[in-house]
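If you look up Swiss-Prot, you'll see 8-283 marked as domain 'tr-type G'. According to Swiss-Prot, the GTP binding site annotation covers 17-24, 81-85, 135-138.
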Amino acid sequence: MAREYPLNKVRNFGIAAHIDAGKTTTTERILYYTGRTHKIGEVHEGAATMDWMEQEKERGITITSAATYCRWQDMQFNIIDTPGHVDFTAEVERSLRVLDGAVVVFDSGNGVEPQSETVWRQADKYGVPRIVFSNKMDKVGADFFMVVNDIEEKLGAKPIPVQIPIGAESSFQGIVDLVTMKAHIWSGEELGAKFDITDVPKELEEKAHAARSEMIELIADYSDDIMNNFMEGKESTAVQIKQAIRNATLQIKLIPVLCGTAFKNKGVQPMLDAVCDYLPSPLDRKAFKGINPVTSETDSREVDDKAPFSALAFKIQADPYIGKLTYLRVYSGTLESGSYVYNPIKDAKERISRIVRMHSNNREEVKSVNTGDIAAAVGLKNTGTGDTLCDEEKPILLESMDFPVPVIDVAIEPKSKADEEKLGIALNRLSEEDPTFRVRTNEETNQTIIAGMGELHLEILVDRMKREFNVQANVGRPQVAYRETIRKVQEAESKYIRQTGGRGQYGHVVLTVEPQDPGKGYEFVNKIVGGVIPREYIPAIDKGIKEAMTSGTLAGYPVADVKVVVIDGSFHEVDSSEMAFKIAGSMAFKDACRKASPVILEPIMKTEVIVPEEYMGDVIGDLNSRRGKIVSMESKNKVQHIKANVPLAEMFGYSTTLRSLTQGRGNYSMEPSHYEEVPSQIADKILERTTRG
């Protein structure tokens, strides 16, 4: 299919922020003003186009990232609206991995909030240029310049206001564009679709000129043209200023900051213009680097329709009508429906039966997609999240994505025999969709354990099982997802020999286990020389170790952060098999861990508590009693923002305690930070509990 828009006219961007900052409301206005929808869907009415899941409509929150596309001026926008709740941070992670830019929405009354910091770090990790939309300028306490200061102080970024507000709170009318020095004023009619562009109001002239001078000084550091004009006392043109801001934004040196109120329909159109002016096209991201899976050397792909095809699968979604949808970002080349693609991770070819472009949960079938496009493919049975798809003749392996480890476990069992098979299908389908949702079996109790990022995450998934898969299940109380690791290097040897007439079984493995840095995960190293164990049996040893890691030797929790090195062994010409080496590897690993000073790890939560100052002492005392470590305290408008690291095990039921301590005036948020060794007295209680029950 011929390209509709040249690549430099394409913008792939996401809308991201803390929960309740107004991301989905902003996206709904974008769809309305670009003509993609003909009426505005409101989140609080359960009518938002992008919140299509029943759970999203009922709760008024975004749970899954939703893709859409629209046109603005002479540009094509591919947009992903992401969740703001910390339990669904994986949706943000996978979206930012494949997007070229982002609009980060802040609440003008609250500034930079905890989940905003997480989103910012994720965008930094993938080098995503961004602009900021300071939303809710109409709310009580709205302060545009507080948001600007927060971006600098809390995020360590260089904000550059390219607008200033006209009024605030109930008197917010519009914005002054500091580049053109024109005012945009909304009268409130026609749902904000029309506004007046006028001269800067007299009472704001001095403030606007001062803000513009600051803006020019800031961008002069990143533009020779602007610096020369500044030194010579010349006025820079709007075109020069926009180009300078664009260049600095693409290098993530500056962050343009705009403002408005999406709910009151003010300020959205200038923000769309800023997406065109300042965020990158696929061409601005240059050639994409990867690894050649054949040679293991660095390779790259030009951002060009004529280059060999390469794409990243970033999301899997079960569709009740057409089966499994695999969302793709095309990095190079062209993909046609009916063609075959190569998956270097799985070393398999798969056929794309259909290609669809998504508008929330609606599909529009297309014959092909080109470089820079975001679409969904039907027919890929073996492709998972983070897999590369490419041309088999010119293979490449693109950078995948990392997902956080689940922190909460829940036991689940079917209510009846009829539900048993349906539960298995549901768990398999949901874990395929969501990389932060894990399923395992407790070897001691034979219970099925599901793990996720928080209570809300698991609650939503259980609800989906009931609604989408018609599974009735009993769910236990949420438990902390403890992990086990080791504290010293240990060698172990295991022989698996069975002789029961006919062909026997023989596998012999010698290995060492070593502690890894926290968060580094599992590493497998093969140091077998001279063929003492044939090469074809090495993957079986790795598989056996991975299976053994699901249940540690201390208390049966999954093992984390361990390096395993296979150093020796032997085989039998007739009796050796993959199964024998898998069992021998598993036995050797368990034996080594048992002797390597195993310890229990617990998830630590990065917690922020916001309380009126008069309750601060009680709240800090309570956090200390929960083994919390206070990181910082900040006073803002007679309200204390307390940041602390607290073990998740101590945070169950915290909302009730906080309500009681602050007479209902406190609130808090928390997100997984890292795992730490459990203090010995707590570990003893955990071990006692697991052995008893």
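The chain as shown is numbered from 1 upward.
Cβ coordinates come from backbone N, Cα and C, glycine included.
Where Swiss-Prot records a feature, it is marked here on the structure.
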| residue | record | DSSP class |
| --- | --- | --- |
| ALA17 | GTP binding site | strand |
| LYS23 | GTP binding site | helix |
| THR82 | GTP binding site | coil |
| MET137 | GTP binding site | coil |
Mind giving me a neighbour count for ASP20 (GTP binding site)? Other Cβ atoms within 10 Å of its Cβ, every protein chain shown.
17
Give the mean pLDDT for the domain 'tr-type G' (8-283) on the 0 to 100 scale.
86
